[in-house]
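Taking it in order: structure first as structure tokens, then the write-up.
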Amino acid sequence: MGERDDDLIEVAPDVCAALAEGRPVVALESTIITHGMPYPANLDVAVSLEEIVRKAGAVPATIAVIEGRIRVGVDEAGLGRLARAGDARKASRRDLAAVVASRGTAGTTVAATMLIAARCGIAVFGTGGIGGVHYGAGETFDISADLIELGRTPVAVVAGIKSILDIGKTLEVLETQGVPVLGYRTDAVPAFFARDSGHAVDYRFDTPRALAEVIHAQRRLGMQSGILITHPVPQEHALPAADMEALIADANREAIAAGVARKDLTPFLLARVNAMSGGASLDANIALVRSNAGLAAGIAVELAALR
């Protein structure tokens, strides 16, 4: 792969070199910057995630669309632009072509980040949480494209399931899509802000090496689906599950009353839960995404050693 994969995708030189040499690379998404957190916390987190990945021995590749160019690896100036861009779009798989053609700027969702990472040969992706099945989906059919992407794109995603979602139904869709949910040092699927959702993971593994071996085996089998690797929020940042469920229910009622739906729903719910929790949910979110980035880097290092 050259520095530019083509005239639409620009791969940063350090990412390009690492991929060419078989060194570990970790994809990072950008809607956490454009839509997931307020400024300047979003920029601080974006920079810190890249530092965490580097310290663990891997090369970070933040993925975003800037002025119609898909960037795989964004420099600090680019991160600053994304963090301050109040008009940045939120791009999933369905949006990429339109955003590129209109020369727009967008944060990439889990689905879009997976798609681009796979195209560039990046096997591991770390973030805070994936989208899933929203409460009331039986009426609204609000089910994230992230789940479908996990079923058809071979990237391992180290992330939780956002606690604003119906975790049980999200797990059912992942099962239907053939996506294994693996726990890192946990038997329970975390509830994002809380450490235990009451649902069990499919398989537990206790080392990054063991998780890398699962990814490696999946590749050798020729499977074209992803893997979800879950890891609980650090204990000191965990929030009581019952308290968070009550806040999420209140936020959902507000969303219904305000007519908020579709791609605007998740940012609205996260912002309302953060406000109602006095900022505690944002602190937990930041702690989780940092932890996940470190784990993703550890897995990427072990996977590179297996290849």
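Residue positions begin at 1 at the first shown residue.
Note: Cβ is positioned from N, Cα and C throughout, glycine not excepted.
Listed in TrEMBL:
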type     : residues                              : note
ACT_SITE : Glu29                                 : active site, proton donor
BINDING  : Lys90, Val110, Ser144, Ala145, Asp146 : substrate binding site
BINDING  : Asp142                                : Mn(2+) binding site
ACT_SITE : Lys162                                : active site, nucleophile
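It is Asp142, among the recorded positions Glu29, Asp142, Asp146, whose Cβ has the fewest other Cβ atoms within 10 Å in the structure shown. Listed in sequence order, the residues of the same chain lying 6 or more apart from Lys162 (active site, nucleophile) and placing their CB within less than 8 Å of its CB are Gly128, Gly129, Ile130, Gly131, Gly132, Phe192, Thr266, Leu270. Less than 8 angstroms from the CB of Ala145 (substrate binding site) sit Ser92, Arg93, Arg94, Thr109, Ala111, Gly131, each of them six or more residues away in the same chain. The Cβ centroid of Lys90, Val110, Ser144, Ala145, Asp146 marks the substrate site; residues of that chain outside this set whose Cβ lies within 8 Å of it are Ser92, Thr109, Ala111, Ala112, Ile130, Gly131, Glu149, given in sequence order. If you measure from the Cα atom of Asp146 (substrate binding site) to that of Glu29 (active site, proton donor), you get 12 Å. If you compare every pair of Cα atoms in Lys90, Val110, Ser144, Ala145, Asp146, the residues listed for substrate, the longest distance is 13 angstrom. Mapped onto three states, the DSSP output places Asp146 (substrate binding site) in helix.
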